[in-house]
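As annotated by TrEMBL, domain 'SSD' applies to 1-47. The feature transmembrane segment is assigned by TrEMBL to 22-47, 88-111, 328-346, 358-377, 397-418, 430-453.
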Amino acid sequence: SLTNALSFGIGIFSSTPAVRTFSIYSCFATVVCYFFQLILFTAILAVSGKREQNNYQALFCCLKADPSARNRIAEKITQFQNWLIKSWSFIITTWSARALLMLVLVIYYYVSLLGILKMEAKISVEKMALPDSYLHNFQFILEKALQSMQPITIFVMNPGDLRDPDRLNGIKSLVSEYEHSLHSYGNKSTLFWLQQYNEFLSFYGESDEFTYAEVPAFFKSATYFFFNTFVRMNETACYNNQPECITSFFFITNFHGVIKYEKMIPVVVEWRRIAAKYSDYGVYPYSEHSPFVDQTIAIKGTILLSVIAALCCSATACFIFIPNLISIGCMVFSIFSISFGIFGLLSHMGVDLDPITMAALLMAIGFSVDFTTHISYHYYRTTAKDSRGRLEEALKIIGWPILQVAISTTVALFPLLLKQSYLAMVFMKTIIITSTLGVFHSLIVLPALLTFINSYVQGSSEEKESYYRLRKVINKIKNELKKTQYKNGITQIGDDKKETKIAPFSKLDIISATPEAYVHKIELGRALSSSMSTCDKE
């Protein structure tokens, strides 16, 4: 519950409103479900325990149960389950199975990588509607119409003193760049009050130089009055020919040829590059498609950061319950591997990157944690000494429940096939892939990885322990030898003749003179050297 809540909690900070709303509701639902487990499920367990204590039947709880009754089918199933777990625990720990699993994982990652590389960010309105909705036909007609021409509005928030020729030419250059930008329709589609005002001055004014004094008359004229809504004007400043006459304005030009949000990304990037070039004018380009284009641009980075944050939060939460670095490392690797496969396989199934997919992926990350954490937790808590025994105990406890979760969750989504929509199909595909990969990783990949690492660490630990035990025995033998009086001129500790030269002696003489407990009586299969044999004979 904690890892699921954290996974959905990350989506609350998403810039996409749909993902943010979904994450809030899902996070709240996870917390409520946790308290339902504590209150409702534990109450059912208590009632069931009381029923068993009073020897009542499970199905017909009003009837007494026969304590001597046996279900042979259940016993056979239990025996088969134990045999299967024991056999699988043996197979998965063999090197041939590990090599085959490595080959399967390489193919799995390769196929997933191909899917990820071809996955594109596509956001469209018709994805939200049902297949038979009128919205699809409406959207098709609308896009066909907008394909020919659609407007872009450019706001200039700091025009400055337009009496300055450099400032005025800068405004004209700005307009020209937008008229010649990517997919632009050209100057014939531009609505700009300043161009018309220059013509007005040339026709009615006494001079061609720019002046603010005629601006009120220009906007009140019958020909150009509609331009009045394009500017923010102070008439008093205009009559005094001051720059405060026009504090801000906007103009409109048009573009064509693109309508899909993912194809508009280069166009929007070009608009913003021009705006950054004229930043001292306070330029802001706007199109009604820009928010959707922004979501398309940001969704890849948002999903990547969400996956990384979910992995970190899951690892931190699981470390509280599984304070073992090996189990945590294997679990995080499995979650990342499952997420990697979900991305790639969804792409092969025709799913694009959009807010719906992002919400489904956040759900999938939280769901995949359920598979990996349980097997890691029970493997960590088992009491068996060897890795195979620990795996057997863990699978006996959690193996069948993992299969139950995957099967029941998948079957529960089948009613979505009765009323198909893009939203329903994305969630159904995501759950099916997550369940399949979750079972694959929890029952195959994680057991192989945990047993391999545990065997390696356990082997290294045993070697170190054996080495230090041998060193301890050798040091103890040396200390005993120093405290024992030997023949052939060896002095005792504490004697006055500490500097007396020790006479040569045979190594076997020393061993034979030691206490019985330290005599090594196992034949090592190695003959004595000739010099030592001669010394013994003498």
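Glycine is no exception: its Cβ is also placed from the backbone N, Cα and C atoms.
All TrEMBL annotations are machine predictions without curation.
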Under a Cβ pair cut-off of under 8 Å, which of the recorded stretches 22-47, 328-346, 358-377, 397-418, 430-453 contacts the transmembrane segment (88-111) most often?
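When the Cβ pairs under 8 Å are tallied, 430-453 comes out ahead.
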Counting Cβ pairs closer than 8 Å, which of 22-47, 328-346, 358-377, 397-418 has the most of them with the transmembrane segment (430-453)?
358-377
Using DSSP, what is the helix/strand/coil residue split across the domain 'SSD' (1-47)?
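Helix (H, G, I), strand (E, B), coil: 41 helix, 0 strand, 6 coil.
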Using a Cβ cut-off of under 8 Å, list the residues of the same chain at least 6 residues beyond the transmembrane segment (358-377) that approach it.
3-4, 6-8, 10-11, 14, 16, 18-19, 22-23, 26, 30, 299, 302-303, 306-307, 310-311, 314, 318, 321-322, 327-328, 330-331, 334-335, 338-339, 342-343, 394, 398, 401-402, 405-406, 409, 426-427, 430-431, 433-435, 437-439, 441-443, 446-447, 450
